[in-house]
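Before any comments, here is the structure.
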Amino acid sequence: METCYCIEPQWPADELLMKYQYISDFFIALAYFSIPLELIYFVKKSAVFPYRWVLVQFGAFIVLCGATHLINLWTFTMHSRTVAVVMTTAKVLTAVVSCATALMLVHIIPDLLSVKTRELFLKNKAAELDREMGLIRTQEETGRHVRMLTHEIRSTLDRHTILKTTLVELGRTLALEECALWMPTRTGLELQLSYTLHQQNPVGYTVPINLPVISQVFSSNRAVKISPNSPVASLRPRAGRYVAGEVVAVRVPLLHLSNFQINDWPELSTKRYALMVLMLPSDSARQWRVHELELVEVVADQVAVALSHAAILEESMRARDPLMEQNVALDLARREAETANHARNDFLAVMNHEMRTPMHAIIALSSLLQETELTPEQRLMVETILKSSNLLATLINDVLDLSRLEDGSLQLDIGTFNLHAVFKEVLNLIKPVTLVKKLSLTLHLGLDLPVFAVGDEKRLMQAILNVVGNAVKFSKEGSISISAIVAKAETFREIRVPDFHPVPSDSHFYLRVQVKDTGSGISPQDIPKLFTKFAQTTVGPRNSCGSGLGLAICKRFVNLMEGHIWLESEGLGKGCTATFIVKLGIAEQSNESKLPFTSKIHENSIHTSFPGLKVLVMDDNGVSRSVTKGLLVHLGCEVTTAGSIEEFLRVVSQEHKVVFMDICTPGVDGYELAIRIREKFAKCHERPFMVVLTGNSDKVTKESCLRAGMDGLILKPVSIDKMRSVLSELIERRVLFETS
């Protein structure tokens, strides 16, 4: 009997397969049920997922698939009809849901693919933005380095410090192995190694400036990569075991240095450049980047500007010492000029007073002699003395006026005056001379010329008298015509003078005065000289007597009145035309302003004598005191004199109607004396009229007299006619005062 040692299996093969299917269906169902749970969890966490219904369908499909696998566990054995119905229902639902999901995916998948495309696009854009941000950061870093380097370079104006600082800062910022600067020699044919980063005193290597590599760099305004073996790049000895780093070179313009004589710099007749060479570390894979090259270019430009400023500073420092010496000399000359000017003014002030005092005696006594019985020969001599004295007084006035015009102390005395009366008075003053010389004298006043105007009456009359007087002086025969009109705007176009710019206005007008004569004429080349002080013509009859001050003073008066004066003549023997234009204000009211300070000379005075008028004269100069007393006695006045302040205060009384005093008195000046008189006579009608008799003709004296309460001012010298006119005016004012 055969024995079988076979081991019976624990489970039959069919049963084993069945168990595997059970287990597989169970895990499949478990997986199908877990997937929807995971989808639901992640969908709830996502706030922007756009396909929620698709996930619901897909989840239902998976759940139904899992359910079919779960139900299938009961179909491997005998099962009831109910299980079959459930299984069938589950499969039908699974089929429906799966088909619906499949149809939905047909529409969803393209969108999902486009989402992926947009994702890739966004990734590319993000990468591009990252690159741009990196570029911006690089540019910001470059800008920061440029600002830092510029600050370091501009922190000094010493050119050696500028160049050394540039190399040090570039080497630190760019981590350079070496940096050098080649400067052109004085001949301009070579470049010399002048500054390096690591060598304190580099050996003066030179290379020809016409090397191709140098020409290449100089012809470009950008940084240029050059060979490490180039002569300008061989800055340090290299062993053969390593590879040299990359080298760039850039030109440095030497701006405007040809204008400055810098001793050890090249003579730059044309545009020249220095050469800056920069070397990266050896045995490294580092290369020059774009922003580093831009940094080098910007720094080269900044170095050029800084060197230009340094050159300017060196030249200014070199020129400073001579300028300081000149300033010291100019300051000394200014002080000397001021001292001389003060001395001149003091001299003129003293001479003015001291010269007018004897002139006062001469003119006063001569005028007194004229009114006595004289033989024709004696009268002629007295008239000659009087005319010469008046001429000398005029010269004194001219010199003083010119002095004050030159130092700017003379100012116009503006007031309202009768313009027509000024011309008539000039005519009356000039007519006697023209009658003697048998000259025809005519005056034409424009119909539109205002009767009253605002300006300086005295200076205007002086200017007219100067011009007319010159015409009379240099005319032996013929005629002289004076015309005065309001200058129109079209006449200004004829005058082409840079300093004369008339501006029409409703508040002022321009007076045009023209004087024509048929006299000796002027050579054209002499016309410009006539407005220079002490200048006279050198040819022709105009080289006659005169101080040469009249037209010079007249021109300055016209300039003060914002006008212009000029002469015209066709030549010698053809006469002359003098024209001037001055600016005058338009008077608001047609009445002549009364200036209490100015004594006006009335030729036809109401009173020819003043019998019984008590007058007190105070003057420390005995001659002047006696002369003034003589004039007043001749006019019938009862005169009391005083030679000092004490005597004056002792004798002055209410009986005295007029007081003549000299303000230049030792001890107490006339201004303080006037104040004492006002204090002594409290009531105005008891106080005598106070008239200053002085040789000081400046405006300050007049203003001081006005502040002190003076009633009038008379300039020495004084003639008998002038004294008669002054007393007539004072008597009129006294009568008017008492009746008021």
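Keep in mind that glycine also has a Cβ here, set from the backbone N, Cα and C atoms.
Listed in sequence order, Tyr32, Thr94, Ser98 are the same-chain residues six or more apart from Cys65 (Cu cation binding site) with CB atoms under 8 A from its CB. For Cys65, His69, the entry in Swiss-Prot reads Cu cation binding site.
The domain 'GAF' annotation in Swiss-Prot covers 158-307. Remark: secondary structure over the domain 'GAF' (158-307) totals 47 helix, 34 strand, 69 coil, with classes taken from DSSP.
Among the features that Swiss-Prot reports, domain 'Histidine kinase' is placed at 350-588.
Helix, strand and coil counts from DSSP across the domain 'Response regulatory' (614-731) read 56 helix, 24 strand, 38 coil. As annotated by Swiss-Prot, domain 'Response regulatory' applies to 614-731, with the evidence given as sequence analysis.
Here Swiss-Prot flags His353 as phosphohistidine.
Feature annotation from Swiss-Prot assigns 4-aspartylphosphate to Asp662; the stated evidence is sequence analysis. In sequence order, Met618, Asp619, Asp620, Asn621, Ser624, Gly670, Val692, Leu693, Thr694 are the residues near Asp662 (4-aspartylphosphate), counting only same-chain partners six or more apart with C-beta under 8 A.
Positions annotated as transmembrane segment by Swiss-Prot, on the basis of sequence analysis: 23-43 (among others).
Swiss-Prot lists 53-73 (among others) with the feature transmembrane segment, giving sequence analysis as the kind of evidence.
Per Swiss-Prot, transmembrane segment is recorded for 92-112 (among others), and the stated evidence type is sequence analysis.
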Residues of the parent chain within Cβ reach of the transmembrane segment (53-73), under 8 Å, 6 or more residues beyond its termini: 22, 25-26, 28-33, 35-36, 39-40, 43, 83, 86-87, 90-91, 93-94, 97-98, 100-101, 104-105, 108
Per DSSP, three-state class assigned to Cys65 (Cu cation binding site): helix
